[in-house]
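Peer 1: Quick one: structure below, then a few questions.
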């Protein structure tokens, strides 16, 4: 399986880079992992609703440009469905079983994802009703994908 993590913005924090590198390495035994960063749209601190939509649209265009037509897209969105680790493992197993060899998880910028990206998504996934920093979500997501593969293989790690 080829898994892409498409996220907005460049990762700067060393501790996050180290954690992401560790889980990317671990996942290499199960899947080909590609981490794709698209530039965030530069904007002032205070934005009108129109300006916020413009920023999301620009970032969304960059995300959509990275998606292949045959890729199964899972958008991380607060309005998405919540799953347990076991349910995410079932989703990953189902995708593999039905021949979905390309899966992309999409993480938006600080303002979220554009409507166009959400429409392109085959599934919307929420990790919580709480808001997490989008850069931290990369690490959390990779850990959960790793956990899903371990669960599906019946390997120790889970719990």
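Any Cβ shown, glycine's included, is placed from N, Cα and C.
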Peer 1: Have a look through 99, 108, 154 and flag the one Swiss-Prot assigns to the S-adenosyl-L-methionine site that 76, 127, 128, 129, 130, 131, 132 belong to.
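Peer 2: So, going by the record in Swiss-Prot, that would be 108.
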Peer 1: Taking only same-chain residues 6+ apart in sequence, whose CB is under 8 Å from that of residue 128 (S-adenosyl-L-methionine binding site), what do you get?
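Peer 2: Residue 128 (S-adenosyl-L-methionine binding site) has long-range Cβ partners 82.
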Peer 1: If you count other CB atoms within 10 A of each CB, which of 76, 130 wins among these binding-site residues?
Peer 2: 76
Peer 1: Could you work out which of the binding-site residues (108, 129) has its C-beta surrounded by the smallest number of other C-beta atoms within 10 A?
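Peer 2: Among the binding-site residues 108, 129, the sparsest Cβ neighbourhood within 10 Å belongs to 129.
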